[in-house]
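Here's the structure we're looking at; comments come further down.
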Amino acid sequence: MVTEKDVLAALARVPGPDGRTPITQSGALSGLSIQGAKVYLSLAADPSRAAAAEPMRKAVEAAVKALPGVEAVLATLTAERAPGAAGGSPGPAAPGPRATAATARAGVPGVKRIIAVASGKGGVGKSTTAANLALGLAARGLKVGVLDADIYGPSMPKLFGLREKPEILEGKIMKPLERYGLKIMSIGFLIEDETPVIWRGPMVMSALQQMLREVAWGDLDVLVVDMPPGTGDAQLTMAQAVALAGAVIVSTPQDLALIDARRGIAMFNRTDVPVLGIVENMSTFICPHCGGRSDIFGHGGARDEAARLGVPFLGEVPLDMEIREKSDAGLPVVATAPDGPHAQAYKAIADQVWAGLEGGAASARPAPKIVIE
Ligand code: ADP
């Protein structure tokens with residue numbers, strides 16, 4: 001059985017970011033977890049030098065893999081959150097990948113369509129929508145996966161009540177976790193709960209590529225990607241890096257959220273990804289005591305905005321205690337109250353999304369020429 005001491009001894013022979021100081025003394029080793037014969041490591045890397053850190057990541061994996069008793073190793077590049085960055089929300093766009101003309105967009109063998117669920121800002125219910133949309137698609141008999149790429153606050157472990165780490169299969173491939181018939185992979189399965197991390201530019205690419213390609217997704221009709229909130233650098237990188245068949249934008253009804261949603265639509269337009277439509281979340285509040293309706297954030301704003309922008313309106317989901325309670329308890333409504341009104345709303349959204357995909361959104365889109373300003 002491999003021990004932490006064995007792993008550290010092996011890593012003492014691997015040079016850190018400066019190419020000389022052993023990684024164990026360089027401060028770059030930011031996390032180590034051993035689960036039986038599997039070793040998980042995180043390596044803090046300077047975001048501006050993330051590409052240069054990739055050989056170090058590979059060397060770390062090779063050194064640990066060579067230890068007797070180690071079956072699989074997963075080393076991921078992370079970086080501590082930049083000092084002063086606002087907790088929980090993406091900071092201002094960092095200097096990121098510049099002219100990435102003709103960036104190859106990653107498709108995934110066996111996965112027919114990849115769709116993104118995005119929002120202009122955090123807290124509008126993007127992840128809740130992504131989870132229930134995925135379940136709604138699965139309820140149609142489709143084979144569905146969920147990739148939680150919300151690097152600022154992965155929610156899928158909580159939304160699906162998943163605490164275990166993915167098993168590593170032959171050839172360093174991770175086995176997605178399964179719940180309610182979905183295959184689920186989250187960056188949150190790989191990072192300790194309280195570790196603040198920020199992934200930028202090449203690190204985002206590397207993490208995303210790993211989660212797309214080094215995961216045994218099997219045959220899927222749809223892979224739903226829960227994007228990080230916002231329209232900054234990391235989101236743009238993702239929109240460019242993945243062969244997306246379409247994007248769903250989640251917004252609350254009020255003006256400010258809609259301005260952010262508009263930015264999201266603009267981002268997908270710029271990256272040539274078809275916008276499948278807008279979901280209005282937290283649309284109407286039904287009082288659990290008196291049954292009265294209140295439009296806390298207004299109502300219908302997203303529908304009007306969709307009409308203005310010429311994109312489909314996919315439907316509205318009310319602000320309801322049951323949705324919040326079930327989401328926070330790892331019991332998403334579409335799976336656990338499939339005949340209730342909320343599940344019906346999500347399923348109707350899923351039907352529209354599917355119709356949008358079937359109606360011509362390409363499953364393999366050519367790489368566009370993009371220059372990021
Ligand atoms: P985001 O991914 O946009 O940050 P989340 O999906 O994590 O948002 O939702 C933020 C919070 O709002 C969570 O506590 C979630 O349970 C709650 N929530 C989301 N949608 C609804 C809804 N329609 N009704 C009630 N609570 C909701």
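From the backbone N, Cα and C atoms, a Cβ is placed for every residue, glycine too.
DSSP assigns G122 (ATP binding site) to coil in the three-state reduction, placing it in neither a helix nor a strand. Summarising the annotation, TrEMBL assigns ATP binding site to G120, K121, G122, G123, V124, G125, K126, S127.
Confidence over the domain 'MIP18 family-like' (4-73), given as mean pLDDT on the 0 to 100 scale, stands at 86. If you look up TrEMBL, you'll see 4-73 marked as domain 'MIP18 family-like'.
For 83-104, the entry in TrEMBL reads region 'Disordered'.
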Open item on the list: Can you check which residue among the binding-site residues G120, G122 has the largest number of Cβ atoms within 10 Å of its own?
Closed with: G120
Task: Lowest local Cβ density among G123, G125, which the record lists as binding-site residues, within 10 Å - done: G123
TODO: Identify, among the binding-site residues K121, K126, the residue whose Cβ has the fewest other Cβ atoms within 10 Å in this structure.
DONE: K121
Open item on the list: Given the binding-site residues G120, K121, K126, S127, return the subset with CB under 6 A from an atom of ligand 1, ordered by sequence, or none if empty.
Closed with: K126, S127
Open item on the list: I'd like the Cβ neighbour count for V124 (ATP binding site), meaning other Cβ atoms within 10 Å of its Cβ, all protein chains included.
Closed with: 25
- [ ] Using Cβ-Cβ distances, find the residues under 8 Å from S127 (ATP binding site) that belong to the same chain and are at least 6 apart in sequence, listing them in sequence order.
- [x] V117, D148, D150, S155, M156, L159, D226
